[in-house]
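Worksheet: the structure to be examined is printed underneath.
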There are 2 protein chains.
Amino acid sequence: MSETPASSVFKEAAALDAADGLAAKRAEFDLDDTVVYLDGNSLGAPPRGVAGRLADVVGREWGRLGIRSWEESGWWTAPERVGDRIGRLVGAAPGQVVVGDSTSVNVFKAVVAAIRMTRGAGEGEAPLRDEVLVDAATFPTDGYIARSAARMTGCRIRAVAAADMAREAGPRTAVALVNHVDYRTGRLHDLPGTTAALRAAGAHTVWDVCHSAGALPVRLDADGADFAVGCTYKYLNGGPGAPAFLYVRRALQDRFDSPLPGWNSHADPFAMDPAYAPAGGAVRGRVGTPEILSLLALDAALGVWDGVDLVAVRAKSLALTDFFLRCVEAYVPEGRVASVTPEAHAERGSQVSLRYGSGAGEVMAELIRRGVVGDHRRPDVLRFGFTPLYTRFADAERAARVLGEVIGAREGARR
Amino acid sequence: MSETPASSVFKEAAALDAADGLAAKRAEFDLDDTVVYLDGNSLGAPPRGVAGRLADVVGREWGRLGIRSWEESGWWTAPERVGDRIGRLVGAAPGQVVVGDSTSVNVFKAVVAAIRMTRGAGEGEAPLRDEVLVDAATFPTDGYIARSAARMTGCRIRAVAAADMAREAGPRTAVALVNHVDYRTGRLHDLPGTTAALRAAGAHTVWDVCHSAGALPVRLDADGADFAVGCTYKYLNGGPGAPAFLYVRRALQDRFDSPLPGWNSHADPFAMDPAYAPAGGAVRGRVGTPEILSLLALDAALGVWDGVDLVAVRAKSLALTDFFLRCVEAYVPEGRVASVTPEAHAERGSQVSLRYGSGAGEVMAELIRRGVVGDHRRPDVLRFGFTPLYTRFADAERAARVLGEVIGAREGARR
C-alpha cells in the first residue's frame, strides 16, 4: 500500500507526540479530551490547580480571615508578586511588572506616561514631542486607547505598519505602540530592532505582548523594551478576563507619571493622605483595589510554568505550526485556503491563520460542531492557536483533517 | 437584683434579634460564629452561593465550554446584566449601570466625561467650565483621580466640604465629586439636595456610593443623580476587590465621551474596526475584557438581595447603630470614646466611628484578637460597620462589651 500524504502525517503525529519533552504538561490542565482546543490564543485552558486555590481563597481566606487576608494572605502585595512571576516569563527582572486592570487601561497608562516623559518639568507644559505612532494592524483597542491618550495630552496619532516604525519615527515622535505578534495574522515583529531604532530616534516604545507572553521567549530587559502591556488569559491561562500586566523598565520608573494615580499606587496608601505621593517601583503602575479572585486564579494558573523553559516552548510551538501547515497541505483540497501567517520562523508567533474565500464564519462554526475549536476573525480568517503546554501534534493533525472534511463537504454540497 | 445598664442591653439584644425580620438572611452567608464581624463596610462576608458558582464557572464554563462561554454562558453581557442587578439596589432603572474596573478607574471616566459635557463640539476646545469640586473629606483615591482628570482636561480642582458644595458651586464649576457616606465618620450627605443645587448652578455631580450601596436606599434615578460610582465588595459582598460599577443617567448617555474607549465599549467590538464608534447605553462605560471570575462571584453574591427591601435594611441599620451607641455608653467607661458619626438618622450611614485618644490602633488589634473585627483609620478612629443582612444585635452588644473590657484593661495596666 502506498503512503498517502494523509496517512503519513497521521503516523508522524504519533511519533512527534511520543518524542515531545513537554507532553507531560498536558496532564496539568483540565481539558476535554474529545475536543481539539486551538483557541488558547484567545482563552487558555484551565490549569488544574485553579479550582482548588479559588475554593481556598473563598472559603478560608475570604470566609475565615476576611479583611485580615489583605495582609495575612498576601492579597495586598499580590499585584507585584504575581507580576514578578510573569516577569520571569517575559524576561523581566523582579520589580518591573505589576498585574491589574485590563490591557486597555494599561495601554492608557503606558502611552500617557511615555508622552509625559518628553515634556519639561511643568505640569501645564506642552509635550516636546507630540506624535504617537500606532501599529496600523493593531488589535483595535490599543488604537482606540492610544487615540484617547493622544487627545488628552495634545498629541496627534499616526498609523504606521509595525515593520516601518523604525523608518517613520521622527523628531516629534514621542512613543510607538506596537503589537509584538499580530493578533490576526500571527506575524511576529522585531522587538529588539524596532525598540533600538525608536530609541535612536529619541522615542519610547510600548509593546503589546498579549500574543507572545507565554508563547515564545520574550526578553523585555535584554531587548531594551521601555514599556510593555499584556493579557494573561491567552497563553498564560489565567482565566476569562484575567487581569493584564504592565512592565515599566526600571530606569524609567522614577519618571513614570501615571494618568490613573489611584490610592493603590500611593507611597503610603493607608495614611489616607489627601495629597498624592507616588510609590516607587512597579507599585506605581497600580490604580484601585485589585480583583483578588481573578488575580489569585491567575497566580494559581502560573504554577504550570514552574520548571518550564521558554526555549523548549518555542521549539515545540514552531514544530506544531510547521506540522499543522503540512497537515493542511495534506488534507485540504489545493488552493482553498492560504496561510497569512509568515513561513519564516523568525516572523511567526504561535498561531496559524488561514484565509478562506467566503463563508469562513460558517466553516469555523462547523469545525466547532465537529470538536475542533479555533476562531473566526472577520471577514475571512480562520485562526488556530497552538499552546505548546497542552496542544498535541495529534490535535494539529485532527484539526487539519476535519478542516479538509468540512471544506470538502461544502464543495460537494455546492455541486 | 437591680438592673444595670449592661445587663439591660444584654437582654435587649436577644429581644431585638428575636424580633428581627431580616434575621434569617444571616444563614445565607458563610460566617465564623465565634467572631463578631463588623468590617463588612470594608469587605463584606461571603454569601454561600459564591463558592459553588465559582466552581461551576471554572469547571464547566471555562473548562468545558471554553471560549464559547463568552456567548453561551453570557460572559460577554455580564457587565450590563450584573449592572442591572445592582441598579435595583441603587434605584437605577435598567440600562444605566455597568460593572467593571475599579472605583478609581470609574471615577476617572465619570469626571472626565462630566467635564467634556461642558465643552463645545470640537475636540480641541477648552472646557467652558474648568472647575472640579471635590469633597474635602473624600476617600483619597477620588481626590487623586479627580486631580488627574482635571490636569488632563485643563481644569483646576478645589476641595470643598460636601455640605458646602451647593453654596460653593459657581459659573465655572463643571462637576462636583461627592462621597455619599463619608468613609471615616459615617456621615451621610444630602444626595438629592446637593444634586439639585449643583444642577441649578449648571454643574454635574458624580456620587461615590461605595459606603451607601447596599447599606441604605439609594435613589439615583428619583434623586436626579448624573453619575455615580461604587464598589461592590463592601455592603454588596461581592468578594475582595470585586469590580466596581458606573451609573450614567440615561439622559446623559449619548453625550458620555469616555476617556477610556476600550474595545468593549465599541458599537460592534468584533468587527475589529480600526475606527472607534461608541456603543449606546451603559455599554459605553465599559473598557477592556472584564475579569469574569470576580464578576461572576459578584453576580452570585447578589443573590442574597432577592426579595430584600432596602427600607427594611435601612431600618435595621439605624436600629443596630443606635443600639451599638447605647451599648458603648453602657460598657465603656465614660469619656473614653466619642462618636464622630452623626446622631441624626438623616445624616448617618451604616457605621459607627469612635474616636479614641491615643492608641486606637492597639485597641483595634486587641479587639481583633478577642474576636471583634472592626478597623482602625489613622490616627484615632475605631470604625465599626453594621451590615444588616448578617449583623445581629447580639454582635453589637458583644462588640461594645469587649471594647469596654479592652479599654478598661489598658487603663488598669496604666495604673
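Glycine residues also receive a Cβ, built from the backbone N, Cα and C atoms like all the rest.
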Pyridoxal 5'-phosphate site partner of B:Thr103, B:Ser104, B:Phe139, B:Pro140, B:Thr141, B:Asp142, B:Asp208, B:His211, B:Trp263, B:Thr289 according to TrEMBL, chosen from B:Tyr233, B:Tyr331, is B:Tyr233
Of B:Thr103, B:Thr141, B:Asp208, B:Tyr233, B:Lys234, B:Thr289, chain A-adjacent recorded positions (C-beta under 8 angstroms): B:Thr103, B:Thr141, B:Tyr233, B:Thr289
If you count other Cβ atoms within 10 Å of each one's Cβ, which of the binding-site residues B:Phe139, B:Tyr233 has the most? B:Tyr233
Can you count the other CB atoms that lie within 10 A of the CB of B:Thr103 (pyridoxal 5'-phosphate binding site)? 28
In Å, rounded, how far does the Cα of B:Thr103 (pyridoxal 5'-phosphate binding site) sit from the Cα of B:Lys234 (N6-(pyridoxal phosphate)lysine)? 12
Cα distance, B:Phe139 (pyridoxal 5'-phosphate binding site) to B:Lys234 (N6-(pyridoxal phosphate)lysine), nearest Å? 14
Looking only at B:Thr103, B:Ser104, B:Phe139, B:Pro140, B:Thr141, B:Asp142, B:Asp208, B:His211, B:Tyr233, B:Trp263, B:Thr289, the residues listed as binding pyridoxal 5'-phosphate, what is the longest Cα to Cα distance in Å? 30
